[in-house]
């Protein structure tokens, strides 16, 4: 075969030289035409006018534009710094507002834990405030804000728990609407009160606090907290918080004097509440005191005024940010305009410089083309000589081929003769092997028959020995019973009557002689009858009865063992069933989850697919397997995924979607997908790529390595993806010489400075 390749190589080399000569002639023709065009262009070119003033003017304009651009970029940097400062300030203010909201959430959590119905009603109110005509306040415990949380115990001991969790309304109509919805429809147990029509919130106390300071009082209850006007008005009207003073330990020490001189009806000391009443019948003053309970709801303090101040501050920061962003946009537009103007001036300067150097460039091009033409004309190839050399070599190779064909013919004849001899030997060998196998088979059959015969004779001899031994034992026992010696015969009386044993009692059962006939003829007839009966059992072996008894015992033993084995089998089956449920049910649930995700992926591609647990017999656990069935066309049915029914691209799509369905169920550090898009049509390749991107870029998912030699255009890419290009080939630079930035700079310089051909 190497001779054929040599001829082919010679023909190819000749063709290459012919093509090279034709290409040389074509290039010579093109070069001559190009030189002629350049010479015509040089003749018709205008005299080089004085373009330097225009170039200087454009250079000055370009310098001025660059100065303005630098100034604009400086202002942009300042604006961005101001924007970052405002954003940091906005974040700080927002964090403070969130901190206040978290304090308010603590109060709401306490309400939810203690009064769940009231908390649900608060949520409903916040979503339905448009149903009310006038102001509706949330429960009093949420709207009260203590100025000092140490004083919360006075308020919680003064106001009942029912009113602390009550909603405050300004309108009777609004309260009825609220209660109808909450109590009647939602079946929630809540309290509601109405604030007085005329406000009591700012009502002055009956006596000045300065008069009471001598007794240790430092404030009225109203001044200890802030609350909305309707809530404060309700508490002043019904709980008289503007009339109830709060004292200290000093007040408790002189409490009797305080009661007599101040005539206060209610008052608080550091740890006690005092209530003073006058008897209707005797006009005597009666006082009672109770210890204060620990505060539970009002201990969280939220400075609403400061929160409102923070909200106003946040609005002001947002307004400043909008102004800064507007200024930044204007500066960016101005910078963009200057950039555009800079590019225009550079282009004009480039055109003027090209016009200035055009004649010199034309002369250089003509000189270069003339040199190239001279080299091409000198590089002459004699095609006739090359064709003659190739023909000579081909003739020599053909002679060698003829000699080789002759030798091949002789070898074929020799090989044919040897092959015929080989076939004859194979046939003889087959006949000998057949005879050998027949002899071995006959030998094995005869050996088996011999072993069976020997075993049969051994069994007959053992049976005869056992029967002889038994007869001897019975004869010995009979002589002992009859008190006979070894040489004596059986007396006549023992043949016709029952023998008597020494103690005078008859033996039981009687001897067998009594059952026999009394005359010789009858005995002969009975013997003849028994012989006839025995003749019916042809070939009866003496060991048959013993074997029968043994078999009966074995059958009984095996029957008992069978019952035990059946019980054990039922236990094993029950145990297997329990283990199977613990194993099979979670497996089916897992496969169902995989099937759900797999089907969703296929549905998004307007196709159908499913995954199930498949086995032909539920008891063959080693035959269990995952079966994938898919349908890529609406006119077909679901078919199992096999190498024969689906195309390579369809199998790749199905495999990729199955892997993505497994992703959230089978966690692993990373996944490698190698050339999964090979063989796919563009539509499926695009869909699968989008699914891989969406799946791989989710939170808390495995890392994907997607290896491919090619990709479609305009595919979607995520910011979380990293694209790596592998450059390879015989003309690549060494890694230490590769500089991407230098390559980009050279490319831009060539693009902007290279004159048009």
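Any Cβ shown, glycine's included, is placed from N, Cα and C.
TrEMBL annotations: computationally assigned, not manually curated.
Looking at 507-544, 545-582, 583-620, the stretch flagged in TrEMBL as coiled coil turns out to be 545-582. Of the candidate ranges 28-75, 76-123, TrEMBL annotates residues 28-75 with the feature coiled coil.
For the coiled coil (545-582), the mean pLDDT of the prediction comes to 81.
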